[in-house]
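Among the features that TrEMBL reports, transmembrane segment is placed at 12-32, 44-64, 76-98, 118-144.
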Amino acid sequence: MPSNSVKWIVSIVLGLLIGKVSYGVLLPLLLAGLPDPDAADGDTMMYVGTGVWLLITVVAAVLLARIADLRRLIGWGFVVLGVALMLTIPATMLTMDFSAHQAATAGAQAANDANTALFFWALIFGLPYVGGGLALTILGAVLIRKSREPAAPATPTI
């Protein structure tokens with residue numbers, strides 16, 4: 001069992017990372033919920049985003065600090081961080097203008113340009129986020145699985 005200071009330091013670091021990555025999921029959801037996302041006040045969105053980021057950071061750090069085993073703590077932190085990374089891509093796609101990818105509305109050349117841009121966006125941003133999120137989720141699941149307490153030995157019957 002690690003000391004309390006090590007447990008809290010690891011929990012705070014993982015909480016900060018989880019909060020920062022979850023902001024990338026929540027900001028597009030907040031923008032998609034606005035009636036006119038272009039008219040969003042930049043200062044207001046920055047304050048709301050910072051507040052949500054701090055709230056998620058504190059909640060994640062406190063919940064992770066309650067886990068006694070350091071390996072399980074890191075495992076759960078990695079699982080949550082990996083899932084948040086993988087959810088960033090679908091959340092970001094909510095703010096895309098999908099009508100730009102249709103040849104009927106934008107013209108054939110503009111639709112090809114938009115589709116090429118989407119492909120490179122997915123290649124540059126999507127693959128690292130999904131790959132990193134999947135790797136963190138799998139690594140976290142392995143850490144959680146390996147840190148289980150061994151079953152109590154069966155008592156021999158005499």
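Glycine too: its Cβ is placed from the backbone N, Cα and C atoms.
Automated prediction, rather than curation, is the source of TrEMBL annotations.
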Winner by Cβ pairs under 8 Å against the transmembrane segment (118-144), considering only 12-32, 44-64, 76-98: 76-98
Spatial neighbours of the transmembrane segment (76-98) far in sequence, C-beta under 8 Å, 6+ residues away: 10-11, 14, 17-18, 21-22, 24-26, 28-29, 31-32, 37, 60, 64, 67, 118, 125-126, 129-130, 132-141, 143-144
